[in-house]
């Protein structure tokens, strides 16, 4: 777009954004002019009219009070994000690509991992080198020992350390008592022991016995937004309460020890991580809350077999359990994302972008079928983007298809580099990065978007209620000076 046309578009967007003010301005001027012409006699006549029509006046105020009451009772209750906390694993669990591959070779030499050829080792190493992950991501202790420890007890220890650590830090930062929590929602896709993870938190923090608790399983990397949406729904029913949302994934029990290439990819991408989020519907909490939840949009295309089967946990030909990623995954993800954007767009985009979309649609429909679809400028709707750090290719495609800048996807790339794919909690590490960089100001709008098995694409939209500073023990506070880093890898090699 050349410079003159760009200026025209900016001016048009400004007109559309302030259309109501511009429309009402002439009306207000006319009212002011007419009011200035009123005489003292006109005002006295109006006063006498009110004195002689008590019944009409009473009915007017009665209807006004009734309407106001009904509006206040039926309108959606605001949901505030008081604070959130991301888990930072201990430093001894850091594992570079070299350390990981050395350990894999030792495991293989010990006979615990019977890979058929060196080709699979080279495949894993290439995935690690090109994934966008850095050299300080965290691998569970049970996977850094010889022999590997993948039993239920060790897996439970990993998850307990993550969720308890995140929640404990959240309680310390907010000063909230565990007994104040009325709603608890926990999500973990592939690790769901009995008692549940939500029960672990109830027991550890002695949460009250009438708490409304949910434990979401098997819902993939997009489950963090699903958990937020579930908590939002419960907060519409239960007044003056707090909701605690916890998102995590277990790595220990999900290491794949077979020879299927489509199942080895997840070994290379997923790392330890988890987040705890405190929500509130109490009006008094607005003053100290960081954000207000504006929208949640959920899309599930599982009715289509290709969507349903593109990411599944299953046994390979040798009976070894892993998560298989099909070749249809990019196509399915693009289709599901498109539906989510089509649903979210009308809710958040300014009318100018809706107008451009409509014009392009008419041209394509009636004049030129080969014309490309109009891609809305989502930077007019959001200041910050938290795109699920599922992998470098995913972030690249989102940047390209949504016409984003490197700065727009910086939080996602740096989260992938520093922490790896932490599944449903990655969008919270990204938000923590934005806060740590001091970029979050009052009124800023944030788009969190995550994709996961099923196949699902879910979005949440927040607005900052103040200039947000990073909370104590922000996961980036010890390494922020290193970021952003330059990531230059040729994926075509």
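Glycine too: its Cβ is placed from the backbone N, Cα and C atoms.
The stretch that Swiss-Prot tags with transmembrane segment, taken from the ranges 52-74, 75-97, is 52-74. Residue 421 (active site) has its Cα within 10 Å of the Cα of these active-site residues: 388, taken from 300, 384, 388.
There are 27 other Cβ atoms within 10 Å of the Cβ belonging to residue 221 (active site). Of all the active-site residues listed here (221, 300, 417), 221 has the Cα closest to the Cα of residue 388 (active site). Across the structure, residue 221 (active site) and residue 300 (active site) are spaced 13 Å apart at their Cα atoms. Of the recorded residues, residue 300 (active site) and residue 384 (active site) place their C-alpha atoms 24 Å from one another. Each of the active-site residues 300, 388 was scored by other CB atoms within 10 A of its CB, and the lowest score goes to 300. In sequence order, 132, 133, 134, 483, 485, 487 are the residues near residue 417 (active site), counting only same-chain partners six or more apart with C-beta under 8 A.
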